[in-house]
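Heads up: the structure comes next, in C-alpha coordinates.
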Amino acid sequence: NRIKRESLHTPNNPPSATAKTGSDVTQSSSQSKRLSPWVGLRKINVSYWGWEDMSPFTNSALRWLPGEPSDSGFCAYLEEPQVSGLRANPCTATAHGLICEKATGNPNQSSRLSCKKPCSLHTNCANCTSQAMECMWCGSTQRCVDSNAYVISFPYGQCLEWQTADCVAQNCSGLRTCSQCLDQPECGWCGDPSSTGKGLCMEGSYRGPMKRVAKQGQQSHSHDMSLEPGICPKDKGFEWAFINCPACQCNGHSTCVNGSVCEQCRNLTTGPQCETCLPGYHGDPTNGGKCQACKCNGHANVCQVLTGKCFCTTKGIKGDQCQLCDSENRYLGNPLRGTCYYNLLIDYQFTFSLIQEDDNHYTAINFMASPEQANKNLDMSINASNNFNLNITWSVGSTAGTISGEEVPIVSKTNIKEYKDSFSCEKFTFRSNPNITFYVYVSNFSWPIKIQVRTTCET
(Lines of atoms letter the chains of each structure in order from A and count residues from 1; the text may use other names and numbers.)
(Lines give C-alpha, C1' and ligand atoms only; values in the text may rest on other atoms or scores of the structure.)
Protein backbone atom coordinates (compact mmCIF):
# COMPACT_ATOMS: atom_id res chain seq x y z
CA ASN A 1 0.00 0.00 0.00
CA ARG A 2 1.29 3.42 -0.82
CA ILE A 3 0.87 6.36 1.50
CA LYS A 4 1.95 9.66 0.01
CA ARG A 5 2.75 12.52 2.36
CA GLU A 6 3.28 16.02 0.98
CA SER A 7 4.30 19.17 2.85
CA LEU A 8 1.88 22.05 2.53
CA HIS A 9 4.58 24.53 3.60
CA THR A 10 6.51 26.51 1.01
CA PRO A 11 9.89 26.98 2.69
CA ASN A 12 12.58 29.23 1.29
CA ASN A 13 14.64 26.26 0.23
CA PRO A 14 12.98 23.79 -2.15
CA PRO A 15 11.88 20.55 -0.37
CA SER A 16 13.92 17.44 -0.90
CA ALA A 17 12.12 14.12 -1.34
CA THR A 18 12.98 11.27 0.95
CA ALA A 19 11.79 7.70 0.67
CA LYS A 20 11.67 5.39 3.68
CA THR A 21 11.93 1.73 2.72
CA GLY A 22 9.69 -0.65 4.63
CA SER A 23 7.06 1.83 5.73
CA ASP A 24 6.22 2.58 2.09
CA VAL A 25 5.87 6.28 2.85
CA THR A 26 6.99 9.03 0.52
CA GLN A 27 7.44 12.39 2.20
CA SER A 28 8.26 15.78 0.78
CA SER A 29 9.87 18.05 3.35
CA SER A 30 12.94 20.16 3.94
CA GLN A 31 14.44 17.77 6.48
CA SER A 32 17.39 15.56 5.64
CA LYS A 33 17.12 11.80 5.55
CA ARG A 34 17.45 10.12 8.94
CA LEU A 35 16.85 6.67 10.42
CA SER A 36 13.90 5.46 12.46
CA PRO A 37 15.81 3.00 14.67
CA TRP A 38 12.84 1.24 16.30
CA VAL A 39 13.81 -2.07 17.96
CA GLY A 40 10.38 -3.77 17.87
CA LEU A 41 9.48 -2.81 21.44
CA ARG A 42 6.44 -0.63 21.98
CA LYS A 43 3.95 0.52 24.60
CA ILE A 44 0.94 -1.79 24.47
CA ASN A 45 -1.09 0.16 27.01
CA VAL A 46 -0.59 2.70 29.78
CA SER A 47 1.71 0.47 31.84
CA TYR A 48 2.83 -2.40 29.59
CA TRP A 49 5.79 -2.43 27.22
CA GLY A 50 5.99 -5.51 25.01
CA TRP A 51 7.57 -6.91 21.87
CA GLU A 52 5.73 -7.36 18.59
CA ASP A 53 4.70 -10.89 19.62
CA MET A 54 3.17 -9.39 22.82
CA SER A 55 5.82 -10.93 25.11
CA PRO A 56 6.83 -8.63 28.00
CA PHE A 57 10.05 -6.61 28.05
CA THR A 58 12.52 -7.18 30.85
CA ASN A 59 15.86 -5.43 31.28
CA SER A 60 18.72 -7.65 30.14
CA ALA A 61 21.55 -6.74 27.78
CA LEU A 62 19.15 -4.18 26.30
CA ARG A 63 18.21 -1.60 28.93
CA TRP A 64 16.34 1.67 29.30
CA LEU A 65 18.40 4.82 29.68
CA PRO A 66 18.11 6.61 33.06
CA GLY A 67 14.72 8.28 33.39
CA GLU A 68 13.19 6.08 30.68
CA PRO A 69 10.66 5.02 29.58
CA SER A 70 9.18 8.51 29.54
CA ASP A 71 5.76 9.59 28.31
CA SER A 72 7.21 11.08 25.15
CA GLY A 73 6.37 8.16 22.89
CA PHE A 74 5.03 4.67 22.35
CA CYS A 75 8.10 3.08 20.72
CA ALA A 76 11.54 2.14 22.09
CA TYR A 77 14.45 3.56 20.08
CA LEU A 78 18.21 3.15 20.02
CA GLU A 79 18.49 6.85 19.43
CA GLU A 80 22.21 7.66 19.22
CA PRO A 81 25.04 5.37 18.02
CA GLN A 82 27.25 6.27 20.97
CA VAL A 83 24.55 5.59 23.58
CA SER A 84 23.76 1.91 24.15
CA GLY A 85 20.33 2.22 25.73
CA LEU A 86 16.66 2.62 24.93
CA ARG A 87 14.64 5.82 24.88
CA ALA A 88 10.86 6.19 24.47
CA ASN A 89 10.01 8.18 21.34
CA PRO A 90 7.01 8.76 19.10
CA CYS A 91 6.76 5.87 16.68
CA THR A 92 7.26 8.26 13.78
CA ALA A 93 10.40 9.91 15.18
CA THR A 94 13.72 9.93 13.36
CA ALA A 95 17.20 10.04 14.87
CA HIS A 96 20.85 9.38 14.05
CA GLY A 97 20.20 5.87 15.26
CA LEU A 98 21.42 2.32 14.98
CA ILE A 99 20.32 -0.54 12.77
CA CYS A 100 20.33 -3.83 14.70
CA GLU A 101 21.30 -7.13 13.12
CA LYS A 102 21.39 -10.51 14.79
CA ALA A 103 23.52 -13.35 13.45
CA THR A 104 21.75 -16.65 12.97
CA GLY A 105 22.96 -19.78 14.69
CA ASN A 106 25.44 -20.14 17.54
CA PRO A 107 28.23 -17.56 17.17
CA ASN A 108 30.57 -19.85 19.13
CA GLN A 109 30.26 -22.64 16.63
CA SER A 110 32.66 -23.07 13.77
CA SER A 111 31.44 -21.72 10.45
CA ARG A 112 32.79 -24.81 8.72
CA LEU A 113 30.08 -26.63 6.82
CA SER A 114 29.23 -30.09 8.14
CA CYS A 115 29.39 -33.10 5.86
CA LYS A 116 26.06 -33.98 4.27
CA LYS A 117 24.43 -37.28 5.11
CA PRO A 118 24.65 -39.80 2.23
CA CYS A 119 21.35 -40.33 0.43
CA SER A 120 21.37 -44.06 1.16
CA LEU A 121 21.18 -43.43 4.93
CA HIS A 122 17.87 -41.53 4.77
CA THR A 123 14.97 -43.76 5.78
CA ASN A 124 11.90 -41.76 4.69
CA CYS A 125 10.79 -39.49 1.88
CA ALA A 126 10.84 -36.24 3.87
CA ASN A 127 14.45 -36.67 5.03
CA CYS A 128 15.52 -37.93 1.64
CA THR A 129 14.20 -35.00 -0.40
CA SER A 130 15.23 -32.32 2.11
CA GLN A 131 18.62 -32.01 0.35
CA ALA A 132 17.09 -30.21 -2.65
CA MET A 133 17.50 -32.29 -5.82
CA GLU A 134 20.54 -34.24 -4.62
CA CYS A 135 18.51 -37.25 -3.41
CA MET A 136 15.38 -38.95 -4.71
CA TRP A 137 12.95 -41.22 -2.87
CA CYS A 138 11.61 -44.39 -4.47
CA GLY A 139 8.25 -45.12 -2.90
CA SER A 140 7.81 -48.61 -4.32
CA THR A 141 11.15 -49.85 -2.92
CA GLN A 142 11.28 -47.49 0.11
CA ARG A 143 14.84 -46.43 -0.77
CA CYS A 144 16.65 -43.09 -0.93
CA VAL A 145 19.26 -42.87 -3.67
CA ASP A 146 21.55 -40.24 -5.17
CA SER A 147 19.80 -38.52 -8.08
CA ASN A 148 22.95 -38.93 -10.20
CA ALA A 149 23.00 -42.68 -9.51
CA TYR A 150 19.42 -43.50 -10.52
CA VAL A 151 20.37 -45.70 -13.48
CA ILE A 152 22.92 -47.62 -11.44
CA SER A 153 20.51 -48.07 -8.53
CA PHE A 154 17.61 -49.28 -10.71
CA PRO A 155 19.21 -50.80 -13.87
CA TYR A 156 16.01 -52.62 -14.77
CA GLY A 157 13.57 -49.83 -13.88
CA GLN A 158 12.56 -51.37 -10.56
CA CYS A 159 11.44 -47.98 -9.16
CA LEU A 160 7.77 -47.58 -10.05
CA GLU A 161 7.24 -44.20 -8.32
CA TRP A 162 9.65 -41.57 -7.03
CA GLN A 163 9.73 -38.05 -5.54
CA THR A 164 12.38 -35.34 -5.50
CA ALA A 165 10.42 -32.61 -3.70
CA ASP A 166 6.89 -32.87 -2.29
CA CYS A 167 6.36 -36.19 -0.55
CA VAL A 168 3.02 -37.89 -0.67
CA ALA A 169 2.21 -39.37 2.74
CA GLN A 170 3.93 -42.73 2.67
CA ASN A 171 1.82 -44.32 5.38
CA CYS A 172 -1.75 -44.98 4.33
CA SER A 173 -2.94 -43.89 7.78
CA GLY A 174 -1.75 -40.34 7.04
CA LEU A 175 -4.29 -39.88 4.22
CA ARG A 176 -7.52 -38.20 5.31
CA THR A 177 -9.96 -38.73 2.44
CA CYS A 178 -11.03 -41.75 0.46
CA SER A 179 -9.97 -40.24 -2.87
CA GLN A 180 -6.45 -39.48 -1.57
CA CYS A 181 -6.28 -42.96 -0.11
CA LEU A 182 -7.24 -44.85 -3.26
CA ASP A 183 -4.77 -42.81 -5.32
CA GLN A 184 -2.05 -44.85 -3.57
CA PRO A 185 -1.75 -48.37 -5.01
CA GLU A 186 -1.05 -50.02 -1.65
CA CYS A 187 -3.92 -48.32 0.26
CA GLY A 188 -7.60 -49.09 0.78
CA TRP A 189 -10.43 -47.28 2.57
CA CYS A 190 -12.40 -48.65 5.51
CA GLY A 191 -15.70 -46.75 5.53
CA ASP A 192 -17.36 -45.94 8.87
CA PRO A 193 -20.76 -47.63 9.58
CA SER A 194 -22.35 -44.15 9.67
CA SER A 195 -22.11 -44.03 5.83
CA THR A 196 -21.21 -40.33 5.97
CA GLY A 197 -17.88 -40.55 4.16
CA LYS A 198 -15.87 -40.88 7.35
CA GLY A 199 -13.35 -43.70 7.54
CA LEU A 200 -9.75 -44.82 7.82
CA CYS A 201 -7.10 -45.35 5.18
CA MET A 202 -5.01 -48.49 5.66
CA GLU A 203 -2.75 -50.82 3.74
CA GLY A 204 -4.53 -53.52 1.79
CA SER A 205 -5.53 -55.04 -1.52
CA TYR A 206 -8.76 -55.75 -3.38
CA ARG A 207 -9.28 -58.69 -0.99
CA GLY A 208 -9.29 -56.50 2.13
CA PRO A 209 -7.06 -54.77 4.68
CA MET A 210 -3.61 -56.17 5.23
CA LYS A 211 -1.02 -56.00 7.99
CA ARG A 212 2.77 -56.15 7.84
CA VAL A 213 4.26 -59.20 9.51
CA ALA A 214 8.00 -59.59 10.14
CA LYS A 215 9.61 -62.47 8.26
CA GLN A 216 10.89 -65.30 10.39
CA GLY A 217 14.69 -65.27 10.67
CA GLN A 218 15.03 -62.10 8.63
CA GLN A 219 16.18 -58.61 9.53
CA SER A 220 13.65 -56.55 11.47
CA HIS A 221 12.97 -54.21 8.54
CA SER A 222 11.88 -57.04 6.23
CA HIS A 223 8.12 -57.68 6.23
CA ASP A 224 5.42 -59.73 4.52
CA MET A 225 1.80 -58.65 4.14
CA SER A 226 -1.00 -60.81 5.54
CA LEU A 227 -4.77 -60.40 5.13
CA GLU A 228 -6.47 -59.00 8.27
CA PRO A 229 -10.24 -58.67 7.63
CA GLY A 230 -10.86 -58.06 11.35
CA ILE A 231 -9.34 -54.56 11.05
CA CYS A 232 -12.36 -53.50 8.96
CA PRO A 233 -15.12 -55.93 10.06
CA LYS A 234 -17.93 -56.16 7.51
CA ASP A 235 -20.31 -57.73 10.06
CA LYS A 236 -20.15 -54.52 12.12
CA GLY A 237 -21.14 -52.28 9.22
CA PHE A 238 -17.68 -51.23 7.99
CA GLU A 239 -17.23 -51.10 4.21
CA TRP A 240 -13.94 -51.92 2.46
CA ALA A 241 -13.14 -49.97 -0.73
CA PHE A 242 -10.07 -50.50 -2.89
CA ILE A 243 -11.07 -49.52 -6.43
CA ASN A 244 -13.91 -47.00 -6.00
CA CYS A 245 -14.91 -44.89 -2.99
CA PRO A 246 -18.34 -45.30 -1.36
CA ALA A 247 -20.87 -42.99 -3.06
CA CYS A 248 -21.55 -40.85 0.02
CA GLN A 249 -18.51 -38.70 0.85
CA CYS A 250 -19.54 -36.02 3.38
CA ASN A 251 -16.48 -36.22 5.66
CA GLY A 252 -18.63 -37.33 8.59
CA HIS A 253 -20.70 -34.13 8.68
CA SER A 254 -23.82 -35.17 6.72
CA THR A 255 -25.79 -38.05 5.31
CA CYS A 256 -26.63 -38.36 1.62
CA VAL A 257 -29.78 -38.01 -0.42
CA ASN A 258 -29.99 -39.93 -3.72
CA GLY A 259 -27.02 -41.94 -2.47
CA SER A 260 -24.29 -39.37 -3.19
CA VAL A 261 -25.48 -35.78 -2.50
CA CYS A 262 -24.68 -34.41 0.97
CA GLU A 263 -28.03 -33.37 2.42
CA GLN A 264 -27.17 -30.65 4.96
CA CYS A 265 -23.65 -30.01 6.29
CA ARG A 266 -23.43 -29.88 10.07
CA ASN A 267 -20.66 -28.98 12.54
CA LEU A 268 -19.94 -25.54 10.99
CA THR A 269 -18.97 -27.02 7.61
CA THR A 270 -19.90 -26.26 4.02
CA GLY A 271 -19.09 -27.37 0.47
CA PRO A 272 -20.35 -30.17 -1.80
CA GLN A 273 -18.72 -32.73 0.50
CA CYS A 274 -18.76 -30.65 3.73
CA GLU A 275 -15.02 -30.33 3.22
CA THR A 276 -14.45 -26.73 4.35
CA CYS A 277 -15.37 -24.57 7.34
CA LEU A 278 -18.06 -21.88 7.18
CA PRO A 279 -16.89 -18.24 6.83
CA GLY A 280 -15.80 -17.02 10.25
CA TYR A 281 -14.45 -20.45 11.21
CA HIS A 282 -11.23 -22.33 10.50
CA GLY A 283 -9.83 -25.85 10.67
CA ASP A 284 -9.63 -28.99 8.56
CA PRO A 285 -13.03 -30.72 8.70
CA THR A 286 -12.08 -33.56 6.34
CA ASN A 287 -12.81 -37.02 7.69
CA GLY A 288 -14.56 -35.79 10.84
CA GLY A 289 -12.19 -32.91 11.63
CA LYS A 290 -13.48 -29.90 13.58
CA CYS A 291 -13.97 -26.22 12.79
CA GLN A 292 -13.53 -23.45 15.35
CA ALA A 293 -14.35 -19.77 15.40
CA CYS A 294 -11.82 -17.23 14.09
CA LYS A 295 -10.21 -15.32 16.97
CA CYS A 296 -9.75 -11.78 15.67
CA ASN A 297 -10.39 -9.54 18.71
CA GLY A 298 -13.44 -8.06 17.00
CA HIS A 299 -11.44 -6.64 14.05
CA ALA A 300 -12.27 -9.26 11.39
CA ASN A 301 -15.22 -11.40 10.36
CA VAL A 302 -13.30 -14.09 8.47
CA CYS A 303 -9.91 -15.78 8.63
CA GLN A 304 -7.87 -18.19 6.55
CA VAL A 305 -9.73 -21.48 6.59
CA LEU A 306 -6.76 -23.71 7.43
CA THR A 307 -4.45 -21.45 9.48
CA GLY A 308 -6.95 -19.18 11.27
CA LYS A 309 -5.00 -16.03 10.30
CA CYS A 310 -7.47 -13.15 10.45
CA PHE A 311 -8.23 -10.78 7.57
CA CYS A 312 -8.28 -7.54 9.59
CA THR A 313 -10.85 -5.07 8.26
CA THR A 314 -9.25 -1.89 9.68
CA LYS A 315 -6.14 -0.56 7.94
CA GLY A 316 -3.25 -0.33 10.43
CA ILE A 317 -4.28 -3.36 12.51
CA LYS A 318 -2.15 -6.43 11.93
CA GLY A 319 -1.22 -9.80 13.46
CA ASP A 320 -2.66 -13.30 13.07
CA GLN A 321 -5.42 -12.35 15.54
CA CYS A 322 -5.56 -8.61 14.69
CA GLN A 323 -3.83 -7.94 18.00
CA LEU A 324 -1.17 -5.38 16.93
CA CYS A 325 -0.90 -1.88 15.48
CA ASP A 326 1.37 -1.28 12.51
CA SER A 327 3.45 1.10 14.64
CA GLU A 328 6.41 1.30 12.25
CA ASN A 329 4.04 2.89 9.74
CA ARG A 330 2.66 5.54 12.14
CA TYR A 331 -0.34 3.58 13.48
CA LEU A 332 -0.80 3.96 17.24
CA GLY A 333 -3.22 2.42 19.69
CA ASN A 334 -4.14 -0.95 21.12
CA PRO A 335 -6.56 -3.21 19.20
CA LEU A 336 -6.99 -5.41 22.29
CA ARG A 337 -8.74 -2.54 24.05
CA GLY A 338 -9.84 -0.38 21.14
CA THR A 339 -8.39 0.20 17.70
CA CYS A 340 -5.41 1.70 15.82
CA TYR A 341 -5.05 5.24 14.46
CA TYR A 342 -2.81 6.74 11.81
CA ASN A 343 -1.04 9.65 13.52
CA LEU A 344 -1.56 12.68 11.25
CA LEU A 345 0.98 15.47 11.00
CA ILE A 346 -0.36 19.03 10.87
CA ASP A 347 0.16 20.93 7.59
CA TYR A 348 0.55 17.75 5.56
CA GLN A 349 -1.61 15.96 3.03
CA PHE A 350 -1.81 12.17 3.11
CA THR A 351 -2.99 9.93 0.30
CA PHE A 352 -3.92 6.35 1.18
CA SER A 353 -4.15 4.09 -1.87
CA LEU A 354 -5.90 0.87 -0.87
CA ILE A 355 -5.82 -0.68 -4.32
CA GLN A 356 -3.74 -3.86 -3.97
CA GLU A 357 -5.28 -7.34 -3.70
CA ASP A 358 -4.03 -7.54 -0.11
CA ASP A 359 -6.22 -4.52 0.73
CA ASN A 360 -9.52 -6.04 -0.34
CA HIS A 361 -10.63 -6.86 3.23
CA TYR A 362 -10.27 -3.29 4.47
CA THR A 363 -13.51 -1.40 5.13
CA ALA A 364 -12.21 1.15 7.67
CA ILE A 365 -9.26 3.37 8.55
CA ASN A 366 -8.85 5.62 11.59
CA PHE A 367 -6.84 8.80 12.17
CA MET A 368 -5.81 10.92 15.12
CA ALA A 369 -4.64 14.55 15.15
CA SER A 370 -3.59 16.95 17.88
CA PRO A 371 -3.49 20.75 17.37
CA GLU A 372 0.07 22.03 17.56
CA GLN A 373 -0.75 25.66 18.42
CA ALA A 374 -3.19 26.86 21.07
CA ASN A 375 -4.21 30.02 19.17
CA LYS A 376 -4.92 28.46 15.77
CA ASN A 377 -7.93 26.54 14.50
CA LEU A 378 -7.54 22.98 13.21
CA ASP A 379 -8.77 22.67 9.61
CA MET A 380 -9.47 19.21 8.24
CA SER A 381 -10.54 17.93 4.83
CA ILE A 382 -11.22 14.36 3.68
CA ASN A 383 -12.13 13.11 0.23
CA ALA A 384 -12.23 9.65 -1.31
CA SER A 385 -12.86 7.87 -4.59
CA ASN A 386 -15.77 5.90 -3.05
CA ASN A 387 -18.49 6.76 -0.57
CA PHE A 388 -17.76 6.30 3.12
CA ASN A 389 -19.20 6.89 6.60
CA LEU A 390 -17.50 9.41 8.86
CA ASN A 391 -17.40 9.86 12.62
CA ILE A 392 -15.22 12.40 14.44
CA THR A 393 -14.76 12.60 18.21
CA TRP A 394 -12.48 14.54 20.53
CA SER A 395 -11.09 13.96 23.99
CA VAL A 396 -8.80 15.60 26.51
CA GLY A 397 -5.87 13.88 28.17
CA SER A 398 -6.41 10.55 26.48
CA THR A 399 -3.75 8.34 25.04
CA ALA A 400 -4.58 6.10 22.09
CA GLY A 401 -5.21 2.58 23.32
CA THR A 402 -5.92 3.45 26.98
CA ILE A 403 -9.19 3.88 28.83
CA SER A 404 -8.46 7.38 30.12
CA GLY A 405 -10.23 10.30 28.44
CA GLU A 406 -13.79 9.81 27.23
CA GLU A 407 -14.38 10.59 23.54
CA VAL A 408 -17.08 13.14 22.81
CA PRO A 409 -18.87 12.85 19.41
CA ILE A 410 -18.64 15.86 17.09
CA VAL A 411 -19.48 14.68 13.56
CA SER A 412 -21.52 11.77 12.17
CA LYS A 413 -22.02 11.47 8.39
CA THR A 414 -23.05 8.56 6.17
CA ASN A 415 -22.55 7.79 2.49
CA ILE A 416 -20.37 10.83 1.67
CA LYS A 417 -17.39 11.31 -0.62
CA GLU A 418 -15.86 14.44 0.92
CA TYR A 419 -15.88 16.44 4.12
CA LYS A 420 -14.34 19.74 5.22
CA ASP A 421 -14.56 21.57 8.54
CA SER A 422 -12.66 23.82 10.94
CA PHE A 423 -12.40 23.08 14.66
CA SER A 424 -12.20 26.35 16.56
CA CYS A 425 -9.41 26.84 19.08
CA GLU A 426 -11.90 28.90 21.13
CA LYS A 427 -14.72 26.37 21.10
CA PHE A 428 -12.47 23.42 21.94
CA THR A 429 -10.23 25.47 24.25
CA PHE A 430 -6.89 24.40 22.81
CA ARG A 431 -5.09 26.76 25.20
CA SER A 432 -6.39 25.19 28.43
CA ASN A 433 -6.33 21.63 27.01
CA PRO A 434 -2.85 21.02 25.58
CA ASN A 435 -3.49 17.27 25.26
CA ILE A 436 -6.64 17.57 23.15
CA THR A 437 -6.90 14.90 20.45
CA PHE A 438 -9.32 14.52 17.54
CA TYR A 439 -10.20 10.99 16.38
CA VAL A 440 -11.44 10.46 12.82
CA TYR A 441 -13.18 7.20 11.87
CA VAL A 442 -13.63 6.50 8.13
CA SER A 443 -15.64 3.34 7.63
CA ASN A 444 -18.04 1.33 5.48
CA PHE A 445 -16.15 1.92 2.24
CA SER A 446 -15.64 -0.56 -0.58
CA TRP A 447 -12.40 -1.72 -2.16
CA PRO A 448 -10.49 -0.41 -4.10
CA ILE A 449 -10.36 3.14 -2.76
CA LYS A 450 -8.09 6.19 -2.51
CA ILE A 451 -8.48 8.49 0.49
CA GLN A 452 -6.90 11.94 0.94
CA VAL A 453 -6.66 13.58 4.35
CA ARG A 454 -5.29 17.07 5.00
CA THR A 455 -4.90 18.92 8.31
CA THR A 456 -3.76 22.54 8.70
CA CYS A 457 -3.62 25.11 11.47
CA GLU A 458 -5.11 28.47 10.56
CA THR A 459 -5.67 31.67 12.55
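Glycine residues also receive a Cβ, built from the backbone N, Cα and C atoms like all the rest.
According to TrEMBL, Cys277 forms a disulfide bond with Cys291, chosen from Cys265, Cys274, Cys291.
Of the listed cysteines Cys256, Cys274, TrEMBL assigns the disulfide bond with Cys265 to Cys274. The 10 Å shell around the Cβ of Cys274 (disulfide bond) contains 25 further Cβ atoms across the protein chains shown. Highest local Cβ density among the disulfide-bonded residues Cys265, Cys277, Cys291 belongs to Cys277, counted as other Cβ atoms within 10 Å over all protein chains shown. Cα-Cα distance from Cys291 (disulfide bond) to Cys265 (disulfide bond): 12 Å (rounded to the nearest whole number). For the domain 'Laminin EGF-like' (248-293), the predicted model reports an average pLDDT of 92. The CA atom of Cys277 (disulfide bond) is located 10 Å away from the CA atom of Cys265 (disulfide bond).
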